[in-house]
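Taken verbatim from Swiss-Prot:
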BINDING   167, 168, 169, 170, 171, 172, 173, 174  ATP binding site
SITE      360  site 'Required for activity'
């Protein structure tokens with residue numbers, strides 16, 4: 001009998017059965033206020049651990065005190081009160097990840113908000129994960145093409161970069177990010193849009209825009225609206241980043257938009273004050289910089305040894321009265337790899353996108369730009385900045401010098417070229433053709449009001465030119481014959497009805 005394989009297997013299974021006592025650590029709610037619970041009696045609790053209340057509601061351990069634990073509620077509708085039993089789960093908070101999230105609208109825990117069946121995850125990842133180390137990263141050298149001429153030509157965003165979009169309320173910050181998502185409809189980049197504390201109607205508009213433009217199937221929407229509990233709003237960017245990291249860690253490419261981190265900082269302050277943490281500048285707790293640094297550092301371009309995937313971040317921040325030197329904006333600017341600043345004055349002047357050329361910058365820039373675009377975009381920013389300065393001084397008197405008048409006229413054309421309606425992306429070949437024509441003076445006699453029609457007509461003309469097929473597929477070099485063909489296309493587009 002001792003040699004019976006079935007008996008040996010049974011013995012092995014019996015040996016794995018734990019025979020000792022099962023120990024559960026429980027506590028009780030001491031106080032409950034505004035989505036934060038103070039629990040007594042969980043001495044072994046860990047930061048980030050999930051606890052379960054009587055009735056099934058869950059919470060997240062945020063702070064540890066000598067006698068109590070502060071827990072953020074993740075189920076705001078739960079019926080809880082003083083004395084309710086709380087149990088440790090021993091597990092850190094995790095979220096579902098996988099292809100099943102594509103084209104779905106979920107809350108930060110991965111629960112559907114779109115009325116469709118539950119997500120079937122391929123795995124689960126903890127919401128707090130370490131950022132890739134230095135040796136695990138690669139240089140940011142591939143572009144994320146947004147389809148916006150002002151961004152792709154002047155402030156190029158690379159795969160693995162963190163480019164902050166910052167400006168006053170209602171100046172087109174979300175529109176910039178949504179345009180970048182829409183332009184990925186036919187690319188290999190998976191997009192994640194994270195709504196933190198936004199109005200439900202605003203989130204619905206974003207979702208419908210992405211759906212109408214054909215990018216919905218490759219986008220994941222993680223929504224924690226203003227009506228969600230503070231705990232859900234707090235975990236939203238971390239949970240969505242873990243979902244996006246699953247794509248990156250398998251060699252894929254992801255783009256994540258945080259809309260917005262100013263509201264995330266506000267909910268962090270709210271929870272910290274409820275937990276009686278010492279307030280610092282503007283009543284934010286002392287770890288506010290670390291909060292966003294550890295979040296944004298998770299966006300990276302991985303080395304080939306680690307799969308070569310990338311996670312690009314477009315965090316959004318709101319400022320008041322144009323004050324870029326406020327606490328949260330300066331924190332985010334110092335963490336990110338550059339910023340795109342939207343201007344209320346430009347927005348009021350009907351300039352779309354309302355990007356302030358002088359205050360915006362990309363610390364990666366040309367390193368991640370297509371070679372052909374880099375070749376023709378070199379002087380555009382300088383010329384436009386000089387035009388804005390001369391335009392300001394021209395209010396005090398006319399310019400008699402013909403050369404100065406020509407520079408003013410050129411600057412006006414640059415501004416008209418950079419103007420772009422929402423969700424009308426321009427391909428890289430079209431951008432190269434426009435900037436090459438500008439550099440050659442081929443647009444100097446085009447009336448400003450006709451430039452919008454020219455941009456719309458140029459795409460089909462380029463697509464119909466068979467000689468530009470290789471360039472359309474890989475616009476990395478601008479050979480003389482290619483430049484000539486592009487200029488010929490611009491001339492044909494000018495003549496188009």
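Along the chain as shown, residues are numbered 1 onward.
Every residue gets a Cβ built from N, Cα and C, even glycine.
Because the structure is a prediction, the values reported are computed rather than measured.
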Distance check, please: Cα of residue 172 (ATP binding site) against Cα of residue 360 (site 'Required for activity'), rounded to an integer number of angstrom.
15
Out of 167, 172, which of the binding-site residues has the smallest number of neighbouring Cβ atoms within 10 Å?
172
Including all protein chains displayed, how many Cβ atoms other than that of residue 360 (site 'Required for activity') lie within 10 Å of its Cβ?
23
Roughly how many Å lie between the Cα atoms of residue 360 (site 'Required for activity') and residue 167 (ATP binding site), rounded to a whole value?
11
Chain-mates of 167, 168, 169, 170, 171, 172, 173, 174 with C-beta within 8 Å of site centroid, ATP
318, 342, 344, 347, 354
Fewest other C-beta atoms within 10 angstroms of its own C-beta: which of the binding-site residues 171, 174 fits that?
174
When the number of other CB atoms within 10 A of each residue's CB is tallied over all shown chains, which of the binding-site residues 169, 173 has the maximum?
173
Under a three-state reduction of DSSP output, how is residue 167 (ATP binding site) classified: helix, strand, or coil?
strand
